[in-house]
Amino acid sequence: MMKVLVVVALLVTLISYSSSEGIDDLEADELLSLMANEQTRKECIPKHHECTSNKHGCCRGNFFKYKCRCTTVVTQDGEQTERCFCGTPPHHKAAELVVGFGKKIFG
């Protein structure tokens, strides 16, 4: 009976030690993830700014992430170039309008 108690105590000690290391690793991973998100947030492209070179780098708006919208521009030389900017798509604008209107009505 004594051997069983010793083995159980040993197992409990090993499990608690390994879980505490796992929690420390998890906290370190979360910290790295938060730091990466903060770095991404600093590097995102604001609304109405050019996103031609980074079409997936637009920032988040109030409810949705801005989308990179592109247009073809013809220069005075007759060359066509693509210019892109971060903006809110029409269906997102409509959703934001409805939510804003709902907040005004219901509080």
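From the backbone N, Cα and C atoms, a Cβ is placed for every residue, glycine too.
Per Swiss-Prot, disulfide bond is recorded for Cys44-Cys59, Cys51-Cys68, Cys58-Cys86, Cys70-Cys84, and the stated evidence type is similarity to another entry. Per Swiss-Prot, signal peptide is recorded for 1-20.
The two recorded residues, Cys84 (disulfide bond) and Cys68 (disulfide bond), show a Cα separation of 6 Å. Across the structure, Cys58 (disulfide bond) and Cys44 (disulfide bond) place their CA atoms 5 angstrom apart. Residue density at Cys70 (disulfide bond): 12 other Cβ atoms are found within 10 A of its Cβ, drawing on all protein chains shown. Distance from the CA of Cys59 (disulfide bond) to the CA of Cys86 (disulfide bond) is 8 Å. Comparing Cys51 (disulfide bond) with Cys70 (disulfide bond), their Cα atoms are 9 Å apart once rounded. Cβ environment of Cys68 (disulfide bond): Ile45, Cys51, Asn54, Lys55, His56, Gly57, Cys58, Cys84, Phe85, Cys86 lie under 8 Å away, each six or more residues apart in the same chain. With respect to their backbone Cα atoms, Cys44 (disulfide bond) and Cys70 (disulfide bond) stand 17 Å from each other. Annotation for the disulfide-bonded residues Cys51, Cys58, Cys59: lowest Cβ count within 10 Å of the residue's own Cβ, Cys59.
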